[in-house]
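Working notes for the structure below.
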Amino acid sequence: MVRVRIRSPSWYDGVDNAPHRVYLRAVGFTEEDFSKPLVGVAVSWSELGPCNYHTLELARYVKEGVKEAGGAALAAPTIVVNDGINMGTPGMRYSLISRELIADSIEAQFNAHGVDAWVGIGGCDKTQPGIIMAMVRLNLPSVYLYGGSAEAGWLGERELTVEDVFEAVGAYYAGRITLEELKRVEELSFPTYGTCQGMFTANTMALLAEAMGVSLLGSATPPATSARRRKFAVESGKAAVRALELGIKPRDVVTYDALYNAAVALFATAGSTNAILHLLAIAHEAGVKFALEDFDKIGKRVPVIAALRPAGPYAMQDLDRVGGVPRLLKKLYKAGLLRGEALTVEGEPIGKLLERWEPPAVPEAGVLYDVDRPYKPHGGIRILWGNLAPRGAVMKIGAAEVLKFEGKALVFDGEAEAFKAVAAGEVKPGHVVVIRYEGPKGAPGMPEMLKVTAAIVGAGLGESVALVTDGRFSGATRGIMVGHVAPEAAAGGPIALVENGDRIVIDGEAGLLKLDVSDEELERRRRQWTPPPPKYKGGLLAKYAALVSQADQGAVTTPETCQC
């Protein structure tokens, strides 16, 4: 039986630590338990939405696996901010911030209590990168477990996801559907607990965790309601103890090659643009140099081979049915696009795991494609550069039918006013909606713009109106949408200088984001521009705004970026 204990003896062994042991005896520890490795279980649990509603149950299965492998497990909670509920509200400012809070809270709890290894259970969007950031920060043997996607809904023969509800709102305001039809979509689109069903941010990050090797192969796609989800919970508990025994730590796994593989998987699935922000943050925590330029190079080599929403018609449960992430990764590996030598938490390189893995005898049925005959020839996301984004911006070209667009700027200093303009019919074909002061510092918190983007698409303007912002997008976003513009407006980026009527050029093929205004005119505007005062003078949002870096740096909170 495993008895590797790398930290817990300093907390719990010997006469001097008798007062420490008494607290664990009070919660059920036996004398034998104190000789076992102490394995923490970080549970992001909440009843504020379906995404993490069931994670306490999964934690019990993880603890079973730890016990079977010879460890002693104790669970501790961390927070959840449900992006879908706070979309388009002041609450969205807390979404990205929660990623940092989750990483910080896990660091505090597990460093304070001397755990030897741990398992992190995530669900909703920011819980996953927050947990993985904590993994590489603590660098203790650890495994990530995804809570799983909700099942898709159905309206007749039409498969529904939460994306349909957001777009139905825009369709209602445009007079394309009735209130009764909107209500029907609302009632049917989310029938179970679990995360949003398409290749949106939560499912994207789960897929990338598997591609990075920090979670077990095959564990991303089983639905939240599936018995296989519980099986993976047990196996994840065992894997954490095994990683402790083998001495495998997250920084052995999260290397440049692992991040490279994650980026390949991201582009191949046209996943959420949020993943770029999160992978940059994970790289920062791991001490790995991985920048927007790396994404730019990788994205030009990788086609989209998964027809998953919002880029295609299928949901996560459909990918699971045809073999899940392993089938996707094996296609990429056989095509020479993955770095097979990257180590995984299972103790073997990902290439060896994929070579052994055999796909189910199920046709791919249009869900997955081959690399040489892809679903879309270009990668799902393109990095844009230009005088409007000197430090880069991102465009989800896999979910856009129009890759090149030129139009006149319609400028809003915030998302709320932009949504009102769309709902009132003031946004017309040929407009480039510019939403600024919604970046990491400016909002603060870099909120997602799904309410506006879905309203644009729902109004039938998805191919005739573009949107450019220093904020973020939901993984459910589609259309001509450019986000993460850096530097942001609040930091004096060129987006702060855009005026109504300015011509903006977007070229998703060439990777260009250009403001068609002379350098002399921009300099004149800059001399007249003054930075806005902080929106908050106290509390969490004020602290975050003072610490956070720009989007091209992952929007991490570090002493180096502190404006204290």
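A Cβ is built for glycine as well, from the same backbone N, Cα and C atoms used for every other residue.
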Further Mg(2+) ligand in Swiss-Prot, beside ASP125, LYS126, GLU448, within candidate set ASP83, ASP164, ASP413, ASP502: ASP83
DSSP three-state assignment for ASP83 (Mg(2+) binding site): helix
DSSP three-state assignment (helix, strand or coil) for CYS51 ([2Fe-2S] cluster binding site): coil
Residues within 8 Å of the ASP83, ASP125, LYS126, GLU448 Cβ centre (excluding the Mg(2+) site residues themselves): VAL81, SER95, LEU96, CYS124, THR201, ASN274, SER474
Residues within 8 Å of the CYS51, CYS124, CYS196 Cβ centre (excluding the [2Fe-2S] cluster site residues themselves): GLY49, PRO50, ASN52, ASN82, ASP83, GLY84, GLY123, ASP125, ALA150, GLY194, THR195, ALA202
Among ASP83, ASP125 [binding-site residues], residue with fewest other Cβ within 10 Å: ASP83
